[in-house]
Structure formats: structure tokens, C-alpha cells
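Here is the structure we will look at.
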Amino acid sequence: MTGKALLKPHWLRVKAPQQQRIGEVAELLKGLNLKTVCQEASCPNIGECFAGGTATFLIMGPGCTRACPYCDIDFDKSPRSLDPTEPERLSEAVAQMNLRHVVITSVNRDDLSDGGASQFVACIEAIRQRSPLTTIELLIPDFNGNWDALAKVMGAAPEVLNHNIETVPRLYKRARPQADYMRSLELLYQVRQGWPKVYSKSGLMVGLGETDAEVIEVLEDLRRHRVDIVTIGQYLSPSPKHLPVDRFVTPEQFEYFRSMGETELGFLQVVSTPLTRSSYHAGEVQRLMAAHPR
């Protein structure tokens, strides 16, 4: 990871966060011993999301069995056993925060036979029991292509299923050496084929070395695999030890990706801005579901 770092452009500046609300949410999460991807992955939107009383919960962590060189979550080849109290603690946080829409994601757990699918199910069931009106979005790993594990998760009936494609296929060996582009596409297709009422979602980063043409090709692939919602955001390197930023994509180009995806390719929604992350403003999906009921 060498080379001079690019200077961050002005459009990547974020508003000063509301420290009081951030502190309140952080204290709640600490008290319940819960992690968020907002904190663990150094998300630039943490101030806005915490100030709005929302968070994307990270389960089965903190260590991840994969070591993707763009990601700020710690690698752990032998992570701790799953915590059976985690689902109940998560449901308590959702209830206390009075969330209308909750996003749950996880680290990769390749050490588990089902990749952690059972823990996702337990979390959904706990939330349904305590907060039955809250809609649930899952951001899942690829389960190493274990479609039985996927079926287990989908059987718990989340409203939205997200699996991020992350980058263009040419960069997989460099950025996602333990993942497979076609496997991720197949997972997304399986979701729409087997559970057509569920809204499928995926996301990718730009600035890792891809071209604009390659981004469009990924969008075309995602649409062919019947994905409904796509997020596109700027990659920001967490540290000098991680993959460097290759380019900063302009807001105008992000708008082009959005327009192409929605008007030409027919996605229900493309959220494409420099600061977009896969669960940024995820609560807006409720309006999308109301406009396109299934």
C-alpha cells in the first residue's frame, strides 16, 4: 500500500455531528454490549445517523474471518463463540430506540457451518416479538455459497435482503480475495427467485481502481439478477495499511450512475452520492415499499 495519498475533495466534508445525541446512542449501545458497523468500520455518516437515532447493528463480531484489504473491521481467524444473549440485547436496543426500520449486518463467520445464519434468524425473531411493526433489513455475507443457510435466513422473512457486490469483477482478486463475484450475483438471484416479495438490494464502492464503464457493467449484471435497490458510494481508505483511494468520483458522475440505473436499467431505487453507504438512509426504504407494494 504505497503511493502519495490523494487530497480529499470538498464534497466529502460532513456536517459537524450533534454530540449529545451521539453520546446518548453510544451509551445505550455500550450498556447493551452491542456493536455497530457505524463504529467498527469508521463510517463517515456516523454523526448524522446517530443524531437521527438510527444505527446498523453488527452481530457475531467483533472479529471477521476474512481480511478484505479495504475494510476496517478486525480480522480474526478463530473468532469467539456466538453469544446466545445477543438477539435479546439487540431487540432491547431496537425497542429503546423506537426504530421503525432496523438494519442488521454481520462479520463473515466462515468458521461456522451455516455462516451464522441461525444467529440472524434468532435476531429477527427477537425483534418481531418485541417490536412487531419494525421492518427489518439484513446485510448478509455470501455464506460461502451455502444456499441452505440463505434459505434459513429468508425463512425468517426480512423485508429487505442486502448483499453487497462491493466492486467490479476485475478488482475482486485484489480487494475481495476470499469472495467470488458470480457467487454474489447468484445469491442475489436466489433471493428474488425464491422469495419474490422480499426487496433485494446490493451496493458497491467506487474509487478502488475501476472505470465508469465497469461500474455500468456491474449495474447491468445486478439488474439482470433482479436486484431492486442499489447503493453507490466513494471508497475512503481507513488507514495507510489499507488499499489506497485510486480516484475521487465527482458528485456529477454519481448522479449519472443514479440516472442510468433508474431510468435506463429500471432499478426501483439507486442511491448514489459520495457519502452513500449501504445502509445510509435505509429507513427511506419504507416509502419505497409503500410505493411498490408486493
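Including glycine, each Cβ sits where the backbone N, Cα and C put it.
S279 ([4Fe-4S] cluster 1 binding site) carries neither a helix nor a strand DSSP state and counts as coil. Other Cβ atoms within 10 Å of the Cβ of S279 ([4Fe-4S] cluster 1 binding site) number 30 in total over all chains. Per Swiss-Prot, [4Fe-4S] cluster 1 binding site is recorded for C38, C43, C49, S279.
Residues annotated as [4Fe-4S] cluster 2 binding site in Swiss-Prot, with sequence analysis given as evidence: C64, C68, C71. C64 ([4Fe-4S] cluster 2 binding site) has a Cβ environment of 23 other Cβ atoms inside 10 Å. In the three-state DSSP reading, C64 ([4Fe-4S] cluster 2 binding site) counts as strand.
Swiss-Prot lists 50-268 with the feature domain 'Radical SAM core'.
Scoring each of the binding-site residues (C38, C68, C71) by how many neighbouring Cβ atoms lie within 10 Å, the top position goes to C38.
If you measure from the Cα atom of C64 ([4Fe-4S] cluster 2 binding site) to that of S279 ([4Fe-4S] cluster 1 binding site), you get 19 Å. Here C38 ([4Fe-4S] cluster 1 binding site) is positioned 17 angstrom away from C68 ([4Fe-4S] cluster 2 binding site), judged by their C-alpha atoms. Distance from the CA of C71 ([4Fe-4S] cluster 2 binding site) to the CA of C38 ([4Fe-4S] cluster 1 binding site) is 12 Å. C38 ([4Fe-4S] cluster 1 binding site) falls within a helical segment according to DSSP.
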